[in-house]
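Attaching a single structure in structure tokens format; questions to follow.
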Amino acid sequence: MINLSSDGFFLFFKARQMASDQAFEKKLFRPLKKKLLFVVIIVSTIFTSIVVFIHFNYEYKDEVSNLDKKLQQIKTSTIPAMVSASWQEDRSYLNVQAESLITIKDIEKVTITNSDNIPIIIKTNLQESPSDEVRTYRYPLYYNHTYDNGTEYLGYLEITATTSYIKADLYKRIGFFVLAQFIKTFMISWIILLVFHYYINKNLEQIVKFIQNFNLNSVDENLLHIERKNKYKDEIDLLEDSINRMVKKIRHLNVEKERKISEQEKKIEMQKVSAINSSKMAALGEMAGGIAHEINNPLTVIHTKTRIMEKMIERGIPDSELFLKNTKSIIGTVDKISNVIQGLKDISKDASNEEKKDTVIRDLLENILNLCEEKIRNHNIDLICDLNAPYFQTHLNCYQIQLSQVFIILLNNSFDALEKRADKWIKIEASQNKKWYFLHFIDSGEGIDRAIADRMFQPFFTTKDVGKGTGLGLSFAYEVITKHGGEIYYDEHYQNTCFTIKLLLKERKSILVVDDDIDIREAICAYLKLEGYNTIEAQNGKKALEMVKDKKIEFVISDIRMPDGGGLFLLDELRKIDRVIPYVILVTGQADITREEAIKRGALDLLKKPLEMERIVGLIKFIENSYDEFIEV
């Protein structure tokens, strides 16, 4: 199991919090040309709105000022005559003047009062509906006496004017202005889009397509060639040259890498095949007695029934019904032998080149239990396994042969452990949650000592008597389950002895390893691949950022110091992405930043070089397990 430091609680709550962020949707793709069109429209709209507001405000004030001037002219030309008419109490003349004023545009109402301020004449514009947007002008009527230069108050003239016409006219002009601006913006936007597509977008699409199809591990030199017509070099040509230089360098590094590891791969493969074959043969050898019994018993039936039929023929006993019965029995027995042999062939095949297949766990277990049936019976062991239980019907994408061999190893270990016990039983259970599938092999043993449990998955470690075990069984099982991206471990939660196999119900996301040192990258990736993880490499933070945006990446292991963007740059940029970001583990060989500062900036942890890969894998598995809801059978 995974042992973490006292920071485990912090990491657990951090994992919970970051897991909750997975409610965010993935970032949607938006082409640059659409973004450009959106920006042009928004900027044009804002600019037009500002211009319209300023222009409207200026025009409105100017028109209102003209209205004031017009009323001032009315005052100058009309008031003296009205004063004279009021003095003479010539209401007919005042009425004519009022009717004349009310016909003027923008005037809604004209009121003339006597000296007691009581209206004597009121004229309104019947074509105008009452408006709240009015301006009132009041002019007192004073008569000047010539004999003593005194004045006498005769009343006042009140004119109510509206600004509705002014605003209506302005709105009409604004409408034409906005329409003209919209047409202009539309035409300019499409011209910009066409230019952008021809000079930039079309070339970027070729670059993106090349990079998406580029194989980082390829030794072929497939260079980028952008199809375009231009007389002079520009930034696109510089980008093309830079990418092609990078491709050549990657090819050179790949060729060198292939040359260095080719011999080591052959040696490792030979050792691996030897270990697998030894473990497999050891497991099959322990089952040989039971398998022989499974074949010898049916052969005895066949032999006996054919002898009976032979005797009947020799003695001339005609019994076609008995002959038919014996024939059907022989055919059924042959089918049984065939199934046993086929099952034996399936689990003894060379699985070195085996491919994953969709498999029902029930079918694998049923085949293995049929092969072990005689051995279970001979050892007086009670087998508790309901193959019809729901979780045994689960489909897994697995290596069928290798997983079957793991089942045999675990069952053989239980057979040996229970040999001297009075109560003998083996129970096989299954459970699962949203991400993992669990298979539990439990027997009536009293458990395993901690010192042994810590070492039992090491190659050649065994507690069996000399000559009885190779010490490769659990080591091989560990390798197979790790290859599946899962775990096999001694489960201390059970009172008896229990080994649990934990397998993924779905494929894991990738781990991105970022370091400018290719040897360090390859070493980390090789270790993670042995643990069943998919890995991707990047040589700096900028390249890593592009990969995170394009690929499904769950964890990032990044060096802090790198040219073209280090780990802290990558961490800060990732937090700007509007979607679920991967967990970042920072590594450093210098005292660039404290662990507390790194975690505060969003890192999962900060580890010092030389790296302890067990620590990295432990962190990853801890996060994977921290938010799983366990569903027990």
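Every residue gets a Cβ built from N, Cα and C, even glycine.
Sharing the features that TrEMBL gives for it:
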- 36-58: transmembrane segment (TRANSMEM)
- 174-200: transmembrane segment (TRANSMEM)
- 229-267: coiled coil (COILED)
- 290-507: domain 'Histidine kinase' (DOMAIN)
- 510-624: domain 'Response regulatory' (DOMAIN)
- Asp559: 4-aspartylphosphate (MOD_RES)
Which residues of the same chain, at least 6 past either end of the coiled coil (229-267), have a Cβ under 8 Å from a Cβ in it?
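Here the qualifying positions are 200, 203, 207, 210-211, 214, 216-223, 518, 522.
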Which three-state DSSP class does the residue listed as '4-aspartylphosphate' fall into?
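Its secondary structure by DSSP: strand.
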Would you mind giving the whole-number mean pLDDT across the domain 'Histidine kinase' (290-507)?
78
Using a 10 Å cut-off, grab the number of neighbouring Cβ atoms around the Cβ of the residue listed as '4-aspartylphosphate', all chains included.
22
Tally of helix, strand and coil residues over the domain 'Response regulatory' (510-624) according to DSSP?
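Secondary-structure composition of the domain 'Response regulatory' (510-624): 49 helix, 27 strand, 39 coil.
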